[in-house]
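Look at TrEMBL and you will find 414-423 tagged as compositional bias 'Gly residues'. Per TrEMBL, the feature compositional bias 'Basic residues' maps to 424-435. Residues or ranges marked as domain 'Cadherin' in TrEMBL: 101-183, 183-295, 296-452, 453-564. Look at TrEMBL and you will find 1-25, 410-437 tagged as region 'Disordered'.
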Amino acid sequence: MSQSHTLSEMDFSHRSSSSFKARRPEGLRRDSTAVLLTMARPAFAAIGLLLLLTLLIFEAEVEARRRVRPQRRKREWILPPTKLVENVDYTKKEFVAKIRSDKDDMDSVVYSLTGAGADSPPYNLFVVNSTTGNVRVTDILDREKCAMYLLTGIARHKNGSLAETDIDLRIRVIDQNDNPPIFDRTFTGSVNESSTTDTFVTEVFAVDGDEEGTINAKIAYAIVKQDPEEDGMKFYIAKNSGKIFVKEQTLDREVVDFYTLIITATDLDGAASGNVATGTVEIKVLDINDNPPRLEKEMYSASIDENVADVEVMRIKALDDDIAKTDNWLANFKILKGNEDGLFTIETDPETNEGILKLVKPIDYEKLKNLDLDLSVENVAPLASGTAPGAGLDLDLDLDTDIDADVDLDLEGPGVGPGVGPGKGKKKPKKKKPKSYPIKIKVNDLPDGPTFSPTVKPVPVSEDPEELEIPSVIASFPALDGDTGELAENVRYAKGYDPDNWLSIDEKTAEIKLIKRPDRESKHLIDGVYYAKILCLTQDIPPKTATGTIALNVQDSNDHCPRLTSTYESLCTDQKSVNVTAIDEDDHNNGAPFEFVIIPEGTKETGSWNM
């Protein structure tokens, strides 16, 4: 850079030898190439002096150039990031970046690149002119493969030594909206029928390969189709979150139990020019017990025979629209009235959902001819009240998030609130009394079979052989006609139970004969009574049977002598007495107290013992 300077009288000093020396003014750079003489004092007007001055100035400048090295300002060996747009063809451009060392002015420098995209995969995507430092790209860039290339520029002298410290060359690839959103699966969800508005169902999401956080990757979701269409959309989707909610509280599994939604994901935040992906959501509507069971008829009737038990009276079919063989469908029958004596039971067949009414106790027509039962039916699961009870989930919607549905959301009111799965539901109303179904049962009068009256016939007998001969008739126990009360006809008798075979029964007359001497001490007696049973059978096929019980009260006789419980006793030398004990197997009337006597015969030292 050159500089001009105006000389003044202070710029020169006179030497004693009448010569002049030029002094460089302060501020005048040594690399100045010209000096402008603008003023001279009148004393220097002579031409010779002017020429001398000119020579001196020239000499001073040459001297300055000789003594002072030229100084240059170093160029910046740091490059700002280079930005290239993906999918744009830069291969025809002379260079996309440039590296150059200012030492290239003094000596020849050889340039090279290292890093991914140069000397490592992808190889030679970027190349540098070794002489000029111009960097070229050899192929079209794809940001989704690499968003930033970090290269290193190297400058070497021809002898291989480094001319400069390595320089970082960063090449950023600018995103274009060249990737559509992608749904990677079919989404599924489930929700209880009758769920309230804004109940969460499921969440969908798409991925976009474009740069995250940019408009190119910002996705907007929408529902474009519902199958079956029914009477309008049942669901809506949050535009930016992809969460799907119940639109209206109209889901009814008994009408439609499965929905298929076609959804779209559009980048550029849903702009018309955005790329669009299409996906599928399958939603299963879950059953709740919103259908009470009902019976096929409003009233039932049946008939039963008297004197029978453990028989099935009838089957009562329960109808329910909820899912079969679940607690929402399975019926629970109850007899509300008319079964105070426990004559009937009712249970549910889980396969058919029928109530099986059974008679478990016999009924006598002469005592009870008709019965009126009241029956109710409910499900095993409690009936849902109003709307489905729910677990609750806060609806996660940003204030800036759009909803892809014609739904007005009052963020301060009840529109956004609890609800994942079934909705929160209304206040549970007071439980209503179940509906009653009357059942009229008629008892059929059948010819009664024989009967013993009384059912137990006591007969006293003695074990004393002097009082009773064996065999001998001790009683007669004929059966009566159950309808007339007269002696039963066309029947026969038989012995049913006789544990020690004491008796025989006349099959025509029902005479009871004692064929074995009674023994009151027999193990077959219970509290002195011997029990046996007599059967009366009709001629019917199969025969009607009646059973009577014979109770022989065995009267005791003194047929057992007392006996000692022990015939041997030991006595120590210091003892003076022993106890002697006896028992008698007869009744107490023929037993103790006993009289003990010492028999002299056979007793040693008779005079020494007293009772």
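Heads up, the Cβ atoms here are built off N, Cα and C, so glycines get one too.
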Integer average pLDDT (0 to 100) for the domain 'Cadherin' (453-564): 87
For the domain 'Cadherin' (101-183), the number of residues DSSP places in helix, strand and coil: 4 helix, 35 strand, 44 coil
Composition by DSSP (helix, strand, coil) of residues within the domain 'Cadherin' (453-564): 0 helix, 53 strand, 59 coil
